[in-house]
Each structure stands twice: as structure tokens, then as C-alpha cells.
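For reference, TrEMBL lists these features for the protein:
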- Gly7, Pro8, Ala9, Ala10, Ser11, Gly12, Lys13, Gly14, Thr15: ATP binding site (BINDING)
- 3-202: domain 'Cytidylate kinase' (DOMAIN)
Amino acid sequence: MIIAVDGPAASGKGTIARALARHYNLPHLDTGLLYRAVAATLLRAGLEPASEADAVASCGFEDELLGDPWLRTDEVGRLASVVSAHPPVRAALLERQRNFARQPGGAVLDGRDIGTVIAPDAEVKLFVKATPTIRAQRRHLELRKQGADTSLDKVLADIRTRDERDSQRSEAPMRQAEDAAVLDTSFLSIDAAVQRAIALVEQRTRAGG
Ligand SMILES: Nc1ncnc2c1ncn2[C@@H]1O[C@H](COP(=O)(O)OP(=O)(O)OP(=O)(O)O)[C@@H](O)[C@H]1O
Ligand SMILES: Nc1ccn([C@@H]2O[C@H](COP(=O)(O)O)[C@@H](O)[C@H]2O)c(=O)n1
């Protein structure tokens, strides 16, 4: 079974995808980390995120970089959104994600274009959302726990910029697949959101026969 989990920044899709992977004993790929690894490689080399050529030159990162906590920072996330808008960067990362999705037994992947581009044939597609203000509050709390000194207003502004860029880019924009189930986590605790996600998977798999 392939489970595709998409949605905007800090909507809770990673939390839900990890919980579904545990529940169904499936491997999980956080595809945002791949774009973050490109951004981190580019930053380390002092290259220019807006340059398509520089971003493409940064796609050959080592797998061990994916475990670096620096990738989870806001700075890298912001630049990941810039490099991910370059079509050749998306092309360079496509097969890796598709191969992960197609492994025997299935997989859970979360990102922006899993249900639409990476695994359009996924048995289950979830689109996880929450209001920008609630997402900003969650991300602000998370960043403060990491020791970052940032304001809620700045986090909210970053989230809005990221939403705009991710949904307006020409290649594989973030959007809900037509056959995705929407899960609004705005007023759900993590446990309630995960239970709702499991219920949606059960519903979808029963309906699919
Ligand atoms: N339902 C929820 N209620 C409260 N906090 C939540 C909820 N879901 C997730 N969180 C918290 O919000 C933050 C963002 O969640 P998560 O990393 O799952 O989002 P995401 O959509 O994967 O974000 P990104 O795309 O930026 O990686 C985390 O600190 C997480 O613990
Ligand atoms: N399938 C995906 C996943 C991510 N992106 C881009 O990467 C940025 C960082 O992603 P996070 O999920 O780790 O926040 C994100 O803002 C997207 O621009 C993508 O394009 N496609």
C-alpha cells in the first residue's frame, strides 16, 4: 500500500506520515528533506539558490547529510522552497522518490506533490491542512525548542511566502489531488489527528476493495 501525504508547511503531515508508517509497519520518506539537502549543499558551497545551474549542481549530496539536524532549521527550509521551484532540481530527485514509493509492500511518503506527481496511483492520498496562524504557532514553538530566537510574526510571514511559492511554481505545484481526503488538523491534537488519519486510511482501503 502506498500512502501519499501532502500539505503545506507545519500542517502536521510529517507527524501523521511517521505515525501511519509505524501503525502499518511501512517505510517512510520525508521528501522535504531531499530538497532541504539540496539547499544545504548549495549554502555550504556559497552558491546562489535563485540560480538554476547552482541548484542543479547541488543535487548530488551524500545520503548521510539527510540525518544532519541543520536541515531541519528554518533557514534551510526557506531555501529548500526556492531550489525546489527549479524544474531540473525536481527532475533530479524524481526517480529516487518513485523508487521509494514502489518498493515491495508499499511505503508512506510526505511532501507537496506525492499524490499528484510522485505516486499518482497511491491507494491512499491525504491532504493535511491547518490555518496559517495555527501552523505558524506550531512552527514557532518548535523553533523556540530548537533554541532559535524568532518572532511569531516572522514565522507567519515565512509560512505565507512559502505557501505562495510552493503553490504557484510552474512544476509540480503543491495542490490537493482530486482523489485525496482532506484532513484539517487546525483544532485536533496530534493524537486525534493521527486517529483521524488511520480512520481515513481504513475507509479508503475498504472502499478500494
Ligand atoms: N495536531 C497537532 N497539534 C499540535 N501540534 C502539532 C500537530 N501536528 C503537528 N504538530 C507540531 O507542529 C510542528 C510541525 O509538524 P510537522 O513537522 O509534522 O509538520 P509538516 O507539515 O511535516 O511540516 P514541514 O513540511 O515544514 O516539514 C511540529 O512541532 C509538530 O509536533
Ligand atoms: N515533495 C516536496 C517536498 C518538499 N518540497 C519543497 O521543500 C520545502 C521544504 O519541505 P518541508 O516539507 O521539509 O518543509 C518545501 O517548502 C517545498 O518547497 C517540494 O517542493 N516537494
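Backbone N, Cα and C define each Cβ position, glycine as well.
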Quick one: which of the binding-site residues (Gly7, Ala9, Ser11, Lys13, Thr15) have their CB closer than 6 Å to ligand 2?
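Checked binding-site residues vs ligand 2; flagged Ala9.
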Validating a neighbour-count step here. Other CB atoms within 10 A of the CB of Gly7 (ATP binding site): how many?
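Neighbour count, Cβ to Cβ under the 10 Å cut-off: 28.
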Check the binding-site residues Ser11, Thr15 for other C-beta atoms within 10 angstroms of each C-beta and report the one with the most.
Ser11
